[in-house]
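Enquirer: Please find one structure pasted underneath; my questions will follow.
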Amino acid sequence: MVFDPRTLDQPKDISAYRDQRYQGSVRDQELALRTSCTLYVGNLSYYTKEDQVYELFGRAGDVRRVIMGLDRFKKTPCGFCFVEYYTREDAELALQNISNTRMDDRVIRADWDAGFVEGRQYGRGKHGGQVRDEYRKDYDPERGGYNRAIAQKSMVE
């Protein structure tokens, strides 16, 4: 398939993940996704360490850096990270072979990211973590138990 930048006016299926706060047009974001060497990795355990991510994703190629997602208030891990590779080819290999595998007994999700920008390592949820975790109703010990809103409500009752 040949890449044609003229086809970037509408979002395509290159990535299910979209940064809702991306500073630029849909076309700019789509171009960034198609040329990026960065992956967004989600559904990590809060206990997953940076060196574990390096070890797993390093199997696909040379990792430039790993940026662990942090709770905006506590500055503790909150279940996601960004993995930057030196080449698009290594990132593609990781996406094909590592996404939907297990790390710390969790199935991790990886998807293209338009590129890390300082500040994106912090969770955007109301309580500082990921928004996705605020809607979780089940108990998940690897991601802090119940979501914080449910935990606070049950403490009041």
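Glycine residues also receive a Cβ, built from the backbone N, Cα and C atoms like all the rest.
Annotations for this protein, taken from Swiss-Prot, read as follows:
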- TYR17, TYR40, ARG109, ALA110, ASP111, TRP112, ASP113, ARG120, GLN121, TYR122, GLY123, ARG124, GLN130, VAL131: mRNA binding site (BINDING)
- 37-115: domain 'RRM' (DOMAIN)
Enquirer: For ARG109 (mRNA binding site), what is the tally of other C-beta atoms lying within 10 angstroms of its C-beta?
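Expert: Neighbour count, Cβ to Cβ under the 10 Å cut-off: 16.
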Enquirer: Around the C-beta of GLN121 (mRNA binding site), how many further C-beta atoms are within 10 angstroms, looking at every protein chain?
Expert: 17
Enquirer: Looking only at ASP111, ASP113, which of these binding-site residues has the biggest number of Cβ atoms within 10 Å around its Cβ?
Expert: ASP113
Enquirer: For GLN121 (mRNA binding site), what is the secondary structure state per DSSP, taken as helix, strand or coil?
Expert: coil
Enquirer: Between 0 and 100, where does the mean pLDDT of the domain 'RRM' (37-115) sit?
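Expert: In the predicted model, the domain 'RRM' (37-115) has a mean pLDDT of 94.
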Enquirer: Treating G and I as helix alongside H, and B as strand alongside E, what does DSSP give for the domain 'RRM' (37-115) in helix, strand and coil?
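Expert: Split into helix, strand and coil, the domain 'RRM' (37-115) gives 19 helix, 31 strand, 29 coil.
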